[in-house]
């Protein structure tokens, strides 16, 4: 066996490592072989160790909400000479010097593909659209830390290093001033800020920042290869520019041609995918040969891939394997090179903390100045500054290149690794403390239909799961009487479950009339939904539609819905019921997760909510282009939810093509006697019960006032019929509802939570979907009229009332879980019949 020699720099001594090229796989332990003497079993063991350590750390750091990068770097540091590697036995057995080459090679392959994916995910159009604010924030956020890095390089740079001061400055400056775009995306997703204005600015600035960092890195590498700036450095820079131009003008058109060759709606052929993945390698090879780093080529190659189906396919194919298995290897390698012990003496540690504080402060100050210049609130500027401190991959690459090129010695390298870990780890806790979006919530009055003025804009948020939900919702909106005096502004939110992608996102659609084919099923559905609503906008007057898509896990989707409603100051949210009608008229559940979303929205919504049970609200007898003909029935029992339902029905009744029947149910004489579930009379000395009675009286008064106001204003309307039914119990109520004419195609009812009514006694015992309330559940059940759609309305009861609303047990049997509201628990709240809610 011819021995090959490889030189590895280790603690600045040249070590010569001899290893046998044929020792790849073992003959087996039965032959007396030690598997760890062979490169493949050793590599598998190392990879397993790295992935397991990283995963354990991810799990441990999860409660502290740390990004994954932190776990990956720390995992490497733990396995490296700083912790476990202090035992020479461990270091020589698991990470012997001869294995470093295989590890580094694999880590760089992972890095190559990861940066290719980062390039694919970056949308250059965003940079063009970002405008001056993001550009200024990015530039200022780079300049100050760069200057700080420069000043520190004089303190850290020893005369013994043969590297020129200039290159050292460049490396330190770039490492301190860079913002890691991929890490920032995950941090923003974790903080649920991706869809906010601040999130968009941060992402755009990070993109620009990343671009600048790559350009500076290419310069730094070109300069570090030679001790003096010679002709070679200039050639490196020029040839790299030529490579970028080649990618833009030759590679991009080629890839666009591949996409055009793919029939619409079909996924891109494996042959093309294979070609592109090979292209990543070739780009890496070319840029490495030119003298910049191989990842630069892969990154540029990723950037020129057009946004669309191809990008999504590549991300789906590669993401898990690359970022789950190969990428941790790169961070582990960085950790293995980090020797914390080289940082000795209080002075050096002092400098280290000074670097951390000043670099953080520099970035924050630079960003804050620009933010204040653009009249952003102080806290938002501060938050932006903190977010721009996110470090991660790019910085580790810069440091590794610097270490390999001997620009950074062990001490500087270890210090910079610690700096990046500390800076990234403080971001989420700091931002959570400083930035409370509640501060920006200007309390808006029109959170309910009842409070919306008849002559002002009516804002709705409509949630749609599939295109099947769209027609009925559009007919309902059309019937909601948009006029010039009171136009309707509709935010259409397509809810898509997050699968595979690292971060949740909210997509705002500017009308896509580009005629491009849909990328996948989700986008095809989005397009379908958007087209339906945009057609509606064109045909109906006084309607504006803003389509959006929310991609997030079902467990937190209600947060997106509620945040959007709050942001857009919506008065009413419409969400589809989780069951759909089958051919035979029955109701079947489509997806159990939809029900959880609905329950969570009802519990946390910042405005009124309507759940729409869709049984085909067709505009069956259309009169003319702008006319609809519907017969709506509103059932009124009393309470805030019923008043809200009546308010919505009242608004609809102003439409010339709508006939409205309001049926008010009044408890008969016997109803009060029913002891089982009638209004409970307070024992003489129970102060707790007294409040229930008085609130009950106040509710009744509010009901009376509202009904009188409604009747007074609509007395002369022929299209409105008002009837009162006296009923004494649940059975009579059901009979009365069933007796309503079958001409109606929409029932509007209040959810009626919290009102203790004898009229619905016994109806709640058998309810399938308590979140619809007793009457809503009855109307939505399969055995009720098959052609009538139902809108179940819950009125928003002000924040100050929520404390009382969920917190007062008014019967000994009240279970503790009634108070889980204060913990914002994800479980649907059992807002049972024994809880009342007073009006604020």
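Just so it is clear, glycine is given a Cβ too, placed from its N, Cα and C backbone atoms.
Automatic prediction, not curation, is the source of TrEMBL annotations.
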Range annotated as transmembrane segment in TrEMBL, from 413-431, 432-450, 451-469: 413-431
Per TrEMBL record, range annotated transmembrane segment [choices 4-26, 73-95]: 73-95
Correct range for transmembrane segment (source TrEMBL, candidates 134-156, 387-409): 134-156
Whether the transmembrane segment (350-376) meets the transmembrane segment (107-127): three or more C-beta pairs under 8 angstroms: no
Feature contact check the transmembrane segment (73-95) with the transmembrane segment (168-189), CB under 8 Å, 3 or more pairs: no
Segment-segment contact (the transmembrane segment (271-301); the transmembrane segment (107-127)) at 3 or more Cβ pairs under 8 Å: yes
Sequence-remote partners of the transmembrane segment (229-251) [C-beta within less than 8 Å, at least six residues beyond its ends]: 218-219, 221-223, 279, 283, 286-287, 290-292, 296-297, 300-301, 303-304
Averaged pLDDT, computed only over the residues in the domain 'Cation/H(+) antiporter central' (488-625): 80
Residue numbers, six or more beyond the limits of the transmembrane segment (134-156), whose CB comes under 8 Å of its CB atoms: 165, 168-169, 172-179, 201, 204-209, 212, 351, 354-355, 358-359, 362-363, 365-367, 369-371, 373-374, 384-385, 388, 411-412, 415
The transmembrane segment (73-95) and the transmembrane segment (40-61) contact flag, 3+ Cβ pairs under 8 angstroms: yes
Interface check, the transmembrane segment (40-61) with the transmembrane segment (201-223), three or more C-beta pairs under 8 A: no
Residues of the parent chain within Cβ reach of the transmembrane segment (413-431), under 8 Å, 6 or more residues beyond its termini: 64-67, 69-70, 73-74, 77, 82, 156, 172, 175-176, 180, 183, 187, 190-191, 193, 334-335, 337-340, 342-343, 348, 351-352, 355-356, 359-360, 383, 386-387, 389-392, 395-396, 399, 402-403
